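Record features (TrEMBL):
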- B:12-34: transmembrane segment (TRANSMEM)
- B:67-85: transmembrane segment (TRANSMEM)
- B:131-153: transmembrane segment (TRANSMEM)
- B:165-186: transmembrane segment (TRANSMEM)
- B:249-356: domain 'FAD-binding FR-type' (DOMAIN)
Amino acid sequence: MGQIEWAMWANEQALASGLILITGGIVATAGQFTQWYLGAYSIAAGVLVCLLEYPRGKRTKGSTMERCGQKYLTRVVKLFGPLTRNYYIRAFLHLGLAVPAGFLLATILGTACLAIASGIYLLAAIRGEQWSPIEPKPKERPQIGGTIKQPPSNPPPRPPAEARKKPSEEAAGIPTGGPQENPMPVNDEVV
Amino acid sequence: MMGCWVLNESLSIVLVLSWLGVNLYLFIDTFYWYEEEESFLYTRVILGCFRGPWRRQLDKNLKFHKLVAYGIVINATIHIVAHLFNLEHYHWSQSPEAEGLVAALSKLGDTPNETYLNPIRTFHTNTIAELLTTIAGITGLLISLALILIMTSSTEFIRQVSYELFWYTHHVFIIFFIGLAIHGAGRIVRGQTPESLLLHNITFCRDHLEEWQAQCPVPQFSGKEPSAWKWVLGPMVLYACERIIRFWRFQQEVIITKVVSHPSGVLELCMKKRDFKMAPGQYVLIQCPSISTLEWHPFTLTSAPQEDFFSVHIRAAGDWTEALCKAFGVEGQPLKEPWSLPRLAVDGPFGAALTDVFHYPVSMCIAAGIGVTPFAALLKSIWYQCCEAQTQCKLNKVYFYWICRDPGAFEWFADLLLSLETKMSEQGQAHFLSYHIFLTGWDENQAFHIALHWDENADVITGLRQKTFYGRPNWNHEFQQVAFSHPSSNIGVFFCGPKALSKILQRMCRVYSSADPRGVHFYYNRESF
């Protein structure tokens with residue numbers, strides 16, 4: 001259990017809690033329960049939690065599966081800098097958001113779930129984890145002519161492939177040499 | 001086209017549909033019972049049901065397990081939302097503003113000799129307090145939390161991040177089932193007793209409140225018996241039996257006959273156990289008490305049933321597997337003496353056997369990445385059954401496709417193919433197995449190297465006689481070729497690997513099966529983890 005990244009689980013738990021808060025809030029508001037205004041609060045808190053937690057953070061080891069369409073929210077969450085990067089802040093934010101919903105029965109489950117998520121985030125923060133955005137890799141522009149190692153230095157007709165130097169057998173295939181034996185030393189541009 | 005898919009999956013479809021059908025019938029039956037039954041008329045009155053418009057394959061076991069879990073979540077949500085409304089209505093019925101029948105019903109139970117109907121006895125309380133002072137409320141909250149924790153730690157992402165977290169959190173189901181069984185013990189939902197129904201005619205009395213002391217004796221109520229335990233008892237007993245069997249198997253001795261350390265950190269363990277019988281495609285659960293006493297990890301068997309041992313190939317890909325590889329002396333560790341190797345416990349074998357391969361005259365086996373492991377067992381088994389033994393075998397041609405990004409971790413499999421190739425040509429059956437390897441993760445340097453050695457006889461990377469291809473297979477081309485070579489056969493297609501490729505192959509099977517019943521037919525089978 002030593003290697004586990006607790007923040008990943010905290011993120012799933014918090015996202016689920018957000019959805020539960022929204023559901024409980026809708027039930028209380030639509031049913032016009034006593035103190036239904038807490039239900040309205042719970043919907044707002046749930047939406048905030050969902051928006052914050054939807055973009056998954058990057059794992060420290062290995063590749064991370066992105067959630068569908070999360071890159072737009074990643075940009076927004078990234079803007080807040082240390083406020084969203086630091087898990088201590090997230091832990092206390094979730095705890096704070098959870099408390100008012102605890103006074104209404106319909107949302108008490110959401111409170112409990114969000115409180116648990118807050119606890120897991122606290123554990124993640126103590127272990128030094130932080131949120132880093134998943135950035136798309138910059139597309140590598142294909143360099144025109146980048147694969148041409150060395151243009152032929154002799155005019156045609158040039159000797160065919162068999163006359164080329166055989167590469168060494170044990171190399172995994174780093175190509176060596178130019179197209180033919182040259183009387184003058186020619187520099188090899190190895191990619 | 002659609003027919004092919006339906007027929008292949010027909011048994012699992014029938015089972016799932018019957019299960020769904022039974023659930024649907026039970027839901028409708030219970031709903032109508034509460035709706036029509038006389039003893040619950042007053043319950044329905046308080047809850048306002050008369051007001052307003054609202055009146056709620058044993059080897060596909062993992063899929064079924066998830067289906068049941070989703071079913072539980074949906075039903076739990078409906079249950080929770082319904083009871084939230086119920087508690088509000090019960091509470092409101094005690095308010096001074098409630099009048100008429102609802103108010104009269106709520107007052108029942110205040111005087112001695114009266115049984116109560118409304119579980120909330122006074123208006124001066126709130127629903128949270130009422131919830132937390134009942135068994136149903138507390139157990140309900142607890143088991144909902146347990147269910148949510150299980151769900152969030154079982155997503156595919158978390159299973160990849162930390163299998164151990166998933167495994168340990170899942171055991172919270174014990175709290176779930178115990179809580180579920182005692183959830184109804186408080187008997188909050190109350191119905192009129194049969195004796196009271198005889199004395200108190202509800203059709204007349206419900207509209208004549210003034211007669212309630214005279215013609216209509218006060219109705220008496222009793223709580224409904226909990227019934228959830230009746231449903232969960234059976235499965236709980238079965239599960240307990242399974243764990244007892246696992247414990248017994250844990251005690252059984254497992255002898256490690258061979259430990260091989262393959263390149264790229266793959267550990268092969270050959271073991272023997274009394275009365276162990278397997279079929280290709282099955283898996284076992286392995287526990288190593290010196291690493292962890294609670295974890296059992298699944299591994300596909302890579303040996304054939306005809307061999308006198310069983311083997312698994314384990315790659316270090318997480319905490320437990322890394323610890324195991326270290327304990328068995330992989331990669332540079334000093335050689336271990338047989339008596340110093342850690343003890344292993346093996347449970348199994350489980351899972352669907354791939355023996356259907358032998359029922360077709362021609363079989364296509366397609367393995368992607370790590371999905372190659374069950375095919376190791378299968379190919380060995382095919383060798384023993386069809387090539388070595390002189391028995392008549394229905395199967396007479398096997399096409400094997402292996403798609404792999406990085407062959408490094410599977411060099412042991414390439415060795416297996418090489419040895420099969422040699423053995424088959426010795427037996428004069430070189431045409432029996434035709435395999436095609438596709439490397440999808442090649443780079444330019446490799447391409448140069450391969451191009452330079454193109455004319456040689458053996459493949460430069462694997463050493464096999466059949467050349468490796470680069471890039472993904474062109475399935476249309478492959479299926480066309482196979483259909484052309486076997487124009488009127490039934491061809492079994494067996495696949496193990498990612499879902500996306502599975503869909504493609506299913507489509508190929510549909511497209512290239514001929515409409516003529518005497519023509520070529522592809523039957524798709526998928527092995528899944």
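Placed from the backbone N, Cα and C atoms, the Cβ positions cover glycine too.
Contact counts against the transmembrane segment (B:165-186), taken as Cβ pairs under 8 Å, peak for B:131-153 among the stretches B:12-34, B:67-85, B:131-153. Per-residue confidence over the domain 'FAD-binding FR-type' (B:249-356) averages out at a pLDDT of 85. Secondary structure of the domain 'FAD-binding FR-type' (B:249-356) per DSSP, as helix, strand and coil residue counts: 20 helix, 39 strand, 49 coil.
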